[in-house]
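Colleague: TrEMBL feature annotations, pasted as is:
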| type | residues | note |
| --- | --- | --- |
| ACT_SITE | Arg149 | active site |
| ACT_SITE | Cys196 | active site, proton donor |
| DOMAIN | 15-169 | domain 'FAD-binding PCMH-type' |
| REGION | 182-203 | region 'Disordered' |
Amino acid sequence: MRVERVLLKDHTTLGVGGPAELWTVETREELRRATEAPYRVLGNGSNLLVRDEGVPERVIRLAGEFQAYDLRGWVGAGALLPLLVQEAARAGLSGLEGLLGIPAQVGGAVRMNAGTRFGEMADALEAVEVYHEGRFQVYLPEELGFGYRTSRLPPGGIVTRVRLRLRERPLEEIQRRLAEVDAARKGQPKRKSAGCAFKNPPGQSAGRLIDEGGFKGLRVGDAMVSPEHGNFIVNLGRATAKDVLELLRRIQEELPLELEWEVWP
Ligand code: FAD
Ligand code: EPU
């Protein structure tokens, strides 16, 4: 187990966030010890806005045995989703194509029920193992209250591993699906971001609403509403959480949008 003081801006895709104590755990026993005091779980940090003051709790990161995976067996919650999408396609296993381009760890993708209009994490799950209150318990997906970018894990629950629901399909068919998802993501910016900032209101696109509201290109410090896609806030280099929060405030002052990101603390 490694415990270190870090800046969370070095561990989030948006590149924003202050100090924290990072606990990297590699075994179940280490996970038990790390959870003996108040904690938060970090996945790949791709849906987080961490404040400049940082967080007081331990921040737990899953490594070691939690990153091991077998596509036909258990897949560690610390494994990177983009790697699994690629490996499954190579092995002729279909079910993860809709998740192409989501830079999550498996645990973070389960927690957020990450997805695109081509499919969500919940669709690809057969079972989910969760650690909470000192026990490792296996749940069926229907027990976890999955919805649009949401789940109902037990409070403080940490996803430790999952079994995927994949089926053998011809390689060309999988490649065709991947190409379709890739094409749908073409309009998304390449700069540092945390994906879409807001959830889409039913039947609408937050990005389009922000675009129509004239917010694209709006800048506070180094945080900017992407000129390419209105629902992405990008970090041009040295953005702070304060800059990003001010942009969110200005948008939400005019548009009743619900945040998709999680703000720490
Ligand atoms: P983090 O951001 O680290 O954490 C998110 C939440 O999950 C936190 O509450 C955290 O505590 C919790 N968590 C993390 N790991 C665990 C665990 N093991 N057990 C329990 N809780 C855990 N999202 C989409 O849905 N669709 C997209 O198309 C999409 N595109 C994106 C594109 C880009 C370029 C970026 C940067 C982000 C995008 N996102 C997208 C957002 C993001 O990738 C997802 O929300 C993803 O699920 C976050 O996973 P993570 O591992 O990074 O989690
Ligand atoms: N649009 C605009 N202006 C913009 C952005 C979008 O007019 O600035 C229009 C597009 O032209 C399109 C419509 O709005 O007609 C929808 O846009 P898009 O296809 O880009 O999809 P989205 O609804 O903005 C959703 C997810 C993305 C996911 C894509 C692909 C949400 C909040 N966003 O975006 O997920 O990658 O579909 O399926 O659900 C995320 O959740 O972080 C994320 C990136």
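Cβ atoms here come from the backbone N, Cα and C positions, even for glycine.
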Colleague: Near the residue listed as 'active site, proton donor', which residues of its chain come within a Cβ-Cβ distance under 8 Å, counting only those 6 or more away in sequence?
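Modeller: Ala206, Gly207, Asn231, Phe232, Glu260 - these are the non-local Cβ neighbours of the residue listed as 'active site, proton donor', listed in sequence order.
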Colleague: Just to confirm: which same-chain residues, 6+ apart in sequence, have a Cβ under 8 Å from the Cβ of the residue listed as 'active site'?
Modeller: Met112, Asn113, Ala114, Gly115, Lys199, Glu260
Colleague: Compute the average pLDDT of the predicted model within the domain 'FAD-binding PCMH-type' (15-169).
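Modeller: Residues in the domain 'FAD-binding PCMH-type' (15-169) carry a mean pLDDT of 98 in this prediction.
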Colleague: By DSSP, how many residues in the region 'Disordered' (182-203) are helix, how many strand, and how many coil?
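Modeller: So the counts come to 3 helix, 3 strand, 16 coil.
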